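What Swiss-Prot lists as Zn(2+) binding site is 65, 157, 161, and the listing cites sequence analysis.
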């Protein structure tokens, strides 16, 4: 179950914060939308509506969740850059995944993710090293998160859900 739920392992912030690591993460955020498109472009509606694990979200819900989550992330970055350690607003991710738009075609979210990531990457590439020390406070987790750590966490998040989809495709021999 753990390998199905966390195919790339749990997230943990890096100890040694480097410019090179940050640049690699930003490059990954730039590439992720194309990877989601490539891995889902041949899936049927029945395949998109298959949960990646028992009790887990469907591929369709995962795609819409990434759109929702990364929109929130982008706004959290902007808040942290313009306010002093803002308290961000958590949201009910599981509840969002059950709303009617999570059953919509993924063709609504894939271009959105692509556009959002282009804006996000533009923001990230324009930030200074000092900007990445800005932070926000997550009240549900009771943690202050630097934008450096948040960048790594959202790269993990992107790769985590991409792995849910690619592992499901492999297990079911859909390719």
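Backbone N, Cα and C define each Cβ position, glycine as well.
In this structure, the binding-site residues 65, 161 were compared by how many other Cβ atoms lie within 10 Å of their Cβ, and the smallest count belongs to 65. In sequence order, 11, 66, 69, 70, 73 are the residues near residue 157 (Zn(2+) binding site), counting only same-chain partners six or more apart with C-beta under 8 A.
Compute the center of the Cβ atoms of 65, 157, 161, which mark the site for Zn(2+); besides them, the chain residues with Cβ within 8 Å of that center are 62, 66, 69, 70, 158, 160, 164.
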